[in-house]
Amino acid sequence: MNPYILAILLLSLGLGTTITLTSSHWLFAWMGLEINTLAILPLMAQQHHPRAVEATIKYFLTQATGAATLLFASTTNAWLTGQWDILQMSHPFSITLAILALSLKIGLAPLHTWLPEVLQGLDLTTGLILSTWQKLAPFALLLQIQPTNPLILVMLGITSTLVGGWGGLNQTQLRKILAYSSTAHLGWMILILQFSPSLALLTLVMYLIMTSSTFLVFKLNKSTNINMLATSWAKAPALTTLTPLILLSLGGLPPLTGFMPKWLILQELTKQELAPIATLAALTALLSLYFYLRLTYAMTLTMSPNNITGTTPWRLSSLQLTLLLATLTMATISLLPLTPAITMLFTP
């Protein structure tokens, strides 16, 4: 792609998210979401591959549906209460509709079915943008909506953690596994959103760090399915040693970074006298952990069925930049001891 066009698209992507993050009026927020969607479509379709074009069309249709529903919800709220302000949304019908529209946009279960299919059709770089940056604007709006009935967010959260764990069990494609992983992590965020917004924000930041490092590892190894992970030892031995720790951090095992948000969320849910919900969420985390362990096993304990010449690729120096990957990997593995300092940063 022409670098000027790429720069314009990336700037538009940033502009759309910034407009939504800074707006207090529903129409401005909607406009930011639309700019965001339109900016990423050419990036998704740049491969000119039937799968990429199909993924782009699916993404466009789901995002357009979500945006139209959100516009309908905000217009209905303005009609019933006379308020366009995001924080002043007070009618139960409008709130429920807006939450469902934003859930569709970020891929929460049961409105998640587009996400694995879309992510599977994209290359890993665009998939990374879709799994991280594209979640920011809708999540910012979800943070600002105060639902009258807390049940809807708890149900969406539990369904997402359950479906995110269950859906990933049977997959062999890494991008689909990461899509289900995304749904499960977003479920944890939505679960705690109304009880502790600052904790939901902390979980989002940790999710962004861990997902980015996972995508960058797969991009460096050029891996798209589980079988291709087996050849990664010959390509990057040091990285292959650290990757299981990244995957187990995504699964939420101590003493890795991913344990921090899950631990704090379970603690907060117990304080809110929702011990059964906390227990169910902890059990669904085990489902996710299983498929991360599968990836770990495939990467470190299996040998690829190669011939002699294919076992060690030529030691050409990689042209990919690895500074970002190194930084994110360290953050993914070693932030747990800093939990008190990090929670201080996120408490208002």
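Quick reminder: no glycine exception, Cβ is built from N, Cα and C everywhere.
Automatic prediction, not curation, is the source of TrEMBL annotations.
According to TrEMBL, the protein carries these features:
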- 23-287: domain 'NADH:quinone oxidoreductase/Mrp antiporter transmembrane' (DOMAIN)
- 289-342: domain 'NADH dehydrogenase subunit 2 C-terminal' (DOMAIN)
- 57-80: transmembrane segment (TRANSMEM)
- 92-115: transmembrane segment (TRANSMEM)
- 151-170: transmembrane segment (TRANSMEM)
- 177-195: transmembrane segment (TRANSMEM)
- 201-221: transmembrane segment (TRANSMEM)
- 233-254: transmembrane segment (TRANSMEM)
- 274-293: transmembrane segment (TRANSMEM)
- 323-346: transmembrane segment (TRANSMEM)
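With a threshold of 8 Å between CB atoms, the same-chain residues lying at least 6 positions outside the transmembrane segment (233-254) that come near it are 181, 210-211, 213-214, 217, 220-221, 261-263, 285, 288-289, 292-293, 295-296, 299-300, 311-313, 318, 325, 329, 332-333, 336. Counting Cβ pairs closer than 8 Å and at least 6 residues apart in sequence, the transmembrane segment (151-170) and the transmembrane segment (201-221) reach fewer than three and form no contact.
Highlighted: of the candidate stretches 57-80, 201-221, 274-293, 201-221 has the greatest count of Cβ pairs under 8 Å to the transmembrane segment (323-346). Here the transmembrane segment (274-293) lies next to the transmembrane segment (177-195) in space: the count of CB pairs under 8 Å, restricted to residues six or more apart, reaches at least 3.
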